[in-house]
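Record features, source TrEMBL:
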{"type": "DOMAIN", "residues": "1-69", "note": "domain 'VWFA'"}
{"type": "DOMAIN", "residues": "127-299", "note": "domain 'VWFA'"}
Amino acid sequence: VAIVVTDGRPQDGVQDVSARARAAGIEIFAIGVGRVDMHTLRQIASEPLDDHVDYVESYSVIEKLTHKFQEAFCVVSDLCATGDHDCEQICISTPGAYKCACKEGFTLNSDGKTCSACSGGSGSALDLVFLIDGSKSVRPENFELVKKFINQIVDSLEVSDKQAQVGLVQYSSSVRQEFPLGQFKNKKDIKAAVKKMAYMEKGTMTGQALKYLIDSSFSIINGARPGVPKVGIVFTDGRSQDYITDAAKKAKDLGFRMFAVGVGNAVEDELREIASEPVAEHYFYTADFRTISKIGKKLQMKICIEEDPCECKSIVKFQAKVEDLIDSLQQ
């Protein structure tokens with residue numbers, strides 16, 4: 001086994017010699033740091049590439065890969081002892097393997113790792129719009145991780161006309177609606193559209209994006225439903241190049257539940273300004289794009305909106321149902 005760590009572009013050829021090494025039975029792992037050339041890592045590494053190519057933003061966070069290699073090189077009977085394997089709630093060891101499980105009251109999602117508290121009843125109806133930073137500083141390889149982050153959250157929802165609707169907006173120096181609320185009626189179509197999203201690669205006009213969310217994304221003409229909770233998830237990796245205060249305040253004043261997710265050079269004061277109260281539960285920050293899946297896990301739990309059974313609307317609905325049943329019995 002060989003582990004190659006590099007933070008730049010090679011000054012000589014790697015493809016042929018790497019192929020010879022692999023042909024000789026050497027298993028090669030390639031780790032890229034910082035501004036590495038990802039194409040080079042793929043030329044070096046053994047197949048399957050998903051298991052043999054890794055990337056970290058800086059050397060200061062490279063230690064997070066140690067669990068992966070401990071598992072790869074050691075025969076461990078209790079695999080859950082080495083980490084949670086991205087299981088959101090419970091990791092259960094089995095002979096030579098592991099499986100994920102959920103606490104009582106939760107169900108395991110189709111990804112086999114995350115759990116959902118949303119039962120799919122009327123209480124899980126919501127209109128959810130992502131505002132995604134497509135600025136040049138994000139970089140193409142990280143933009144792909146952002147797409148996975150979006151789809152990780154989509155996986156936890158019950159998507160339908162009566163339950164969750166999802167919209168997607170990308171912003172950089174301008175704002176572009178990728179798809180409005182309600183255009184796609186199931187998770188599969190939403191995730192396919194997210195994967196096809198093209199990277200804008202310009203500036204960071206977060207204020208302009210928030211204004212678009214208020215004026216357009218949550219409008220009835222763009223698929224929003226009256227009386228359904230509105231949730232906005234704003235993702236950014238840097239300081240906004242325009243003014244955000246007024247738009248951020250207006251979004252919250254209108255009753256939108258706003259989550260702010262920042263990575264890398266994102267400004268935490270701006271994230272807090274965007275986030276709903278209590279702020280600590282609505283804003284998230286990480287230095288490394290590779291760890292945003294952990295934020296995704298936390299968001300999955302927080303965006304499930306359950307209806308209060310004591311609300312007047314529920315009582316009226318119950319009363320009407322009972323009256324209908326009494327009428328049918330009398331007949």
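Note: Cβ is positioned from N, Cα and C throughout, glycine not excepted.
Unlike curated records, TrEMBL annotations are generated automatically.
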Per DSSP, what is the residue tally for the domain 'VWFA' (1-69) in helix, strand and coil?
31 helix, 15 strand, 23 coil
Across the domain 'VWFA' (1-69), what does the pLDDT come to on average, as a whole number?
88
